[in-house]
């Protein structure tokens, strides 16, 4: 459905009247001046907008576009302009008209034309509004678009927006402004008739010239079409002549370049001969340098081996110190899931009670010393330094910038009303434990569990058992040539001085004597393990496999050791008495020279009866004659200081290990053997640091 209207019409001339002039020098300027003689043309049109479109298609919004048509009195011609489509709008404003896409011969001087607005959905459009517009009859609306009527079309011209006077549709009888106020300084004379005629003649001459140009252009094109064949042949001939000339010039240039290349070739041949002579001389130098490099490589290999040996010795020493540290400060767990350090209970940080202040201070002192020594051995500086003072140990916080220098030290013992400082000190200690765990790839989900975290770190991070009831993993004992390590250890030069003989302190009281007469649990368990334990079939196979490792096969035992081992096997198989040590036997053992920290030496072990279960027979072979690492270290330490003879380890064939060692090559066997040698050398260097002195000993 469309709305059709005719806007504009003949406008009557205004009656003559005086023109009121604005006062001189006034700054007021009229943006729009309605002149009676002003004419509006199609070329003055800038854009078109529609407002309040009535939609009768049932859609809330429409897609719209407009078309422009020229018209006469009886006929509307085909569209000469189509706008873009605006989606979903009943008040579209199309962009400015582009006269560049309009036909070239379009007469833009017309003032009457037809505007059709189309609307619809999904590419189905129908005519909504159709206006026949006379631009001279439009009404000025202002500098902005204002529309109040339905289906109203707004035309944007140079000086503002115009619309149809809806109060006088069809034919406008409204008179234009007859009173015009202008500045007198702006009044100028218009063109006279003769000037307009000159402009008209100039336009006609320009059009005539354009027609002449088009005519001459067509004539030229016709002549070119007729002479195109001959021109093509001439063009080809000239191109060939030009190519011949270019090729001749190129031939001359290539000849000159060839002469230069030949001369350069002779120079390069001479230079190449000189380089060949220099290369021969440098090759001789290289051979000499290779020989020197081989010597340096051998020296580097020797230094690298020395470095690896020293580094391995340092690592073994560190592991030994950590093992000793775990023996000094054992962490135990009872049946009530309570953790003890050196027999002193230490609950978690949130379970402290006031009645346990003394034991808590002692346990925290042990724990702080253990953490600080672990960090010292591992060469890992603690984030929060620990000041060890026994049960009055403290810890410092040098990180928090809100604390003064006097407030940075926190106690690790309950101290009156300073509960907050004590709790914070325990928190810093737990942070240090978490730091050590993080260094070894262990997380700390709960900081409050002080001893559980520390025990887990030592067992899983450092691979060290934290209680006294364990035996260390063992390594095979090589054949010993002398009781003193002056020149018997493999991988070390002779002449190493043995440490000075020292005397151990006597027990200061009878209680200490009784205390040190009792052997350590780890040594008793280690002594009883190969005798009283009846392994299952799987364990027996595993032990046999471990004893048959490459370390055992790489050792060269003397016939004398084998003979003593067979005698010891016979003595062990010959007796069947159970071992029941009494108090008197314990005192005798503590006073006997052949006991080491509560552990019988091989000479006494041979006289003891092995314990076997009834109904089962387990033959003791030569490979089962073994001792723990602790026993071997004690025996070697006493031999190094001169407290024992050099044949105590001869009866042992090996030291048991936890699992078999997979051997890929002889280098691995030699490396493991050198590791054992380094360990024995470290023990020989400083015997006193490997075992705590027993006060029950007289020496």
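Cβ from N, Cα, C; glycine included.
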Where Swiss-Prot places region 'Disordered' among the ranges 1-24, 25-48: 1-24
Phosphoserine: annotated position in Swiss-Prot, out of 89, 493, 525: 493
Listed as phosphoserine by Swiss-Prot, one of 228, 391, 482, 689: 689
Tally of DSSP helical, extended and coil residues in the region 'Sufficient for interaction with STX7' (200-269): 69 helix, 0 strand, 1 coil
